[in-house]
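Q: Sharing a structure with you now.
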There are 2 protein chains.
Amino acid sequence: MPQYTPPMRDMQFVMHELLNVVDELKMLPGHEDIDADTINAVLEEGGKFAAEVIAPINLSGDAEGCTLDKASHEVTAPKGFKEAYKQYVEGGWPALSCDPAFGGQGLPHLVNQFFYEMLNSANQAWTMYPGLSHGAYEALHAHGTPEQQATYLPKLTSGEWTGTMCLTEPHCGTDLGLLRTKAEPQADGTYKITGAKIFISAGEHDMAENIVHLVLARLPDAPQGSKGISLFLVPKFNVNADGSLGSRNDIFCAGLEHKMGIHGNATAQIVLEGAVGTLVGEPNKGLAAMFVMMNAARLGVGNQSLGLTEVAYQNAVAYAKDRIQMRALSGPKAPDKPADPIIVHPDVRKMLLTARAFAEGGRMLQGYTVLQLDKALKSDDEDERKEADAEVALLTPIIKAFITDNGWLATSHCMQVYGGHGFIHEWGMEQFVRDARINMIYEGTNTIQSLDLLGRKVLGNNGATLKKFGKKIAAFIEEEGTNEAMQEFVNPLADLGDKVNKLTQEIGMKAMGNADEVGAAAVDYLRVVGHMTFAYFFARAAKIALAKKDSGDPFYTAKLATARFYFAKLLPETASLIRTCRAGLAPLMEMEEALF
Amino acid sequence: MPQYTPPMRDMQFVMHELLNVVDELKMLPGHEDIDADTINAVLEEGGKFAAEVIAPINLSGDAEGCTLDKASHEVTAPKGFKEAYKQYVEGGWPALSCDPAFGGQGLPHLVNQFFYEMLNSANQAWTMYPGLSHGAYEALHAHGTPEQQATYLPKLTSGEWTGTMCLTEPHCGTDLGLLRTKAEPQADGTYKITGAKIFISAGEHDMAENIVHLVLARLPDAPQGSKGISLFLVPKFNVNADGSLGSRNDIFCAGLEHKMGIHGNATAQIVLEGAVGTLVGEPNKGLAAMFVMMNAARLGVGNQSLGLTEVAYQNAVAYAKDRIQMRALSGPKAPDKPADPIIVHPDVRKMLLTARAFAEGGRMLQGYTVLQLDKALKSDDEDERKEADAEVALLTPIIKAFITDNGWLATSHCMQVYGGHGFIHEWGMEQFVRDARINMIYEGTNTIQSLDLLGRKVLGNNGATLKKFGKKIAAFIEEEGTNEAMQEFVNPLADLGDKVNKLTQEIGMKAMGNADEVGAAAVDYLRVVGHMTFAYFFARAAKIALAKKDSGDPFYTAKLATARFYFAKLLPETASLIRTCRAGLAPLMEMEEALF
């Protein structure tokens, strides 16, 4: 069974050495009293919960899966999931970054982000139960009526109730404008909602006493398409005026999907048969409210693959040090043993270092972005809020797509390190690969992310946000211009920055002629910009490591080696990506549909 | 459930237009009477068997898996597998390319290769049962005693009995020199074999009346390491002098692995408790005999991923034409429908065309290589035999690693086309991905393949074989030098050829200083050379398509579009690979083992 050790040292590096989060957070109203010791202590405890409580039920949860009783429509989560969730609630973990006005602890989102990385490493399927609640919490916090907030937010904050996002229907996923679920207004101001939803993560289970479904549906007079969608709150159990649970609402789990991975999470088909709901936000403005959930979810999905990358790396390293097989080509390295540990082989190291660099790069990018999110939510300076918000919007699709694509590569490499054993369930490595695969699909496929980045976030404002981010990179390069030891990092970074500028302009020009050029370029483009962000953060990390490399702390030696590996072996992927991006639309459209 | 249509037209193109296989095969003793109609008719029938008999039990076989009765050690294959195998035997399919001296039909290996591609598309797990028999057949045909051949080859040829390769042990996979299974000589000339094997594909089942295990073990006086390994034939049921089945031999299935994929195939833990075996080939020369099986198996594994790539492509195309979702960025393409079919989106096309190009490229490379195999086995000209054999040896690791890595990419892309539905078992796409994953691992991991290519097959003879293959490419480029329409293909091919020469020399030089440079470069190098072979075959295919594009047959229009896509969007991967290859060993070795 896989083991997991929370990467405290690297998290602390990212928070306190790379990002100076305490200084930044202290400037924000509500976080004046934050200090490093508090953050570290919370994460130490959170890491223990992840490693000791939910990691041990990950493999068994995958093997067992969820069970639906078709008669009662009740779902039982795998053995141990309910008990672990009870501990989670008793420990106050759901409240970490929630609003104190509703019982939350009011810690920065940043702390929650690092906490969730560890939960995801330990057990992605389990973590999705509380994870989905956050989306529901955010949507209600932003758009709920005072009554909805008073009734539901304290229960979501405490974790007594969980939440879901009921968006997808059999005929529409990406294209929510096609959805058919109907909401009929009732005399008492509520709505009766009827329809069928699929792919509802954590959609039904036995871990909490109530489930708060947020459901997209159409009002009778709604315009067609995405401008006619409204958001409704539909509880599993109706809630009495005193807050106690009332009658069972007519929203049921009609089936569970058999999936490639995340078996421990109940992916439910949800049927609404005149279920009672209340409107969240304004009529026909449901997509805007939904995007509050969705943006949080996309950062969360990147974090899932970051977690899987880290845990896959840790286990593959342990195996590579332990497993002896063949001799190094350059001669025996463990002559006292019948063969060398496989970590002596350069390609095994390459697979391990790829996962390591993707984990460290992803952690820096996620940490940076969530720090901007805290600023966007809390700063008392409107300009700072707006600027931070734009940067989060720019980086969110990169986090979602780049980190999950990397997670798929990394978990597959780590599985490969195990040879045949990697394919066997009991080692746990193939589960990481299967679990990682969904992250490239849900909450907007990675193609959708790339269109969001290139079409909306970059070309949509003539590259203004990207240019602002680029100025931060340029300033850093400028600072290090005379630092000889930094040239191996800043030169390729500067070179890539120039190429990104040029590429962006080229695509913009071509897109004016044919908008499909955006669709042809977007996926490659996102990976190029993703690499630019990783290169920027690795260069910053290298600067710190160079300054401290004589400190005697081997952490900095390792950080420098990882940064060098990244620049030598991963960043050059951009050479191909820029070429294929530039090859444009024509090679994709030459074949008539009938000839496929 | 996925559908499958045998790609007869493209197979015929590869055989009869690209490779002129009939003219080539007719020159070989034993194949003088071969003609295109016979080959096509056999493959038509074979395709029907694949599509109608074994494709329908692929998804159900995956869901059900194999069952071990621990008391009797008997394994039951999934529902329908046994009945399908009976039809397979009754149809005479196992005998297709077997030696007429033992009841075979004596058709070229090439025919069997295309037949197996279709079986693999339809049901990889099922196909492994007869597939493993071929390895056992080849090893006995090459190294068996006359008695062994007379007793076992007719039964393997008819398919009444199946075969296995029992190599791996818990502590050794790649490094067979470490193996511990013991063989004790008996007074009657047989051996009593004792040990434990794992990962034995098709290791136990209820589909045939006997199983012929080929087992690697050590004689009592054997030298240590790989020079002390011998190969033994150990039947499940001992065989009486008259060929009838005798007593149950002491070789048992002790467990079945729970795996990521190929659930329908029994991956057995095999225990030998003094099982009676006979020696195959010479004492302590078992690895050489084993490599006869292994080389055949490696070509077969490439063919597995080729099959999966094709079937994943076909289904993703059907889905992309059927599923409507969003509008094309350039404006509605199906204004009569509520949304456009997703095949209008450039990135969906890119994912589909990637799979298509990998399938067509793989089919050309495999077809070419197996034609050389037929020459190597049958030519009456020793020089031709030797040259063909060297070329097969060169191309085998490329087929095994490049086609299986491509298959992993392609099946994952095709699954992605389905969005969330791709993650759901009933659509069958995620099974293709899971099944494809083992092909990168077994019969020598893809890293081992790359070391075999670069270390042994290229640098091992100073690049002589690669240069010979390069001369064929150069001759083709030369021929097309004045053909303007071909410049878009031959120029990048010539450029890549030059780069491969230079890269090979560079690595050779560096390896003289440190042999680990080979290990650092090998995986990237193999993909570069793999692309060179694909570019060569796509250029040749484009030449034919250009000549016939006004024929009115849209097949050639599509072939040309696929070739152009390949050159524009896939071949540029080499730009990055050459850079990372060149970055060499240092970035992989800088990190001390303890710091991982």
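Numbering starts at 1 and runs along the chain as it is shown here.
Using N, Cα and C of the backbone, Cβ positions are placed for all residues, glycine too.
Just so you know, TrEMBL annotations never went through curation; they're auto-generated.
Per TrEMBL, the features are:
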- A:78-160: domain 'Acyl-CoA dehydrogenase/oxidase N-terminal' (DOMAIN)
- A:165-273: domain 'Acyl-CoA oxidase/dehydrogenase middle' (DOMAIN)
- A:284-451: domain 'Acyl-CoA dehydrogenase/oxidase C-terminal' (DOMAIN)
- A:471-591: domain 'Acetyl-CoA dehydrogenase-like C-terminal' (DOMAIN)
Q: Please work out which recorded stretch in A:78-160, A:165-273, A:471-591 has the most C-beta pairs separated by under 8 angstroms from the domain 'Acyl-CoA dehydrogenase/oxidase C-terminal' (A:284-451)?
A: A:78-160
Q: With DSSP as the reference, give the number of residues of the domain 'Acyl-CoA oxidase/dehydrogenase middle' (A:165-273) in helix, strand and coil.
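A: DSSP composition of the domain 'Acyl-CoA oxidase/dehydrogenase middle' (A:165-273): 7 helix, 56 strand, 46 coil.
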Q: On the 0 to 100 scale, where does the mean pLDDT of the domain 'Acyl-CoA dehydrogenase/oxidase C-terminal' (A:284-451) fall?
A: 97
Q: Could you give me the DSSP helix, strand and coil counts for the domain 'Acyl-CoA dehydrogenase/oxidase N-terminal' (A:78-160)?
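A: Split into helix, strand and coil, the domain 'Acyl-CoA dehydrogenase/oxidase N-terminal' (A:78-160) gives 64 helix, 0 strand, 19 coil.
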Q: Can you break down the domain 'Acetyl-CoA dehydrogenase-like C-terminal' (A:471-591) into helix, strand and coil residue counts using DSSP?
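A: Summed by class, the stretch gives 106 helix, 0 strand, 15 coil.
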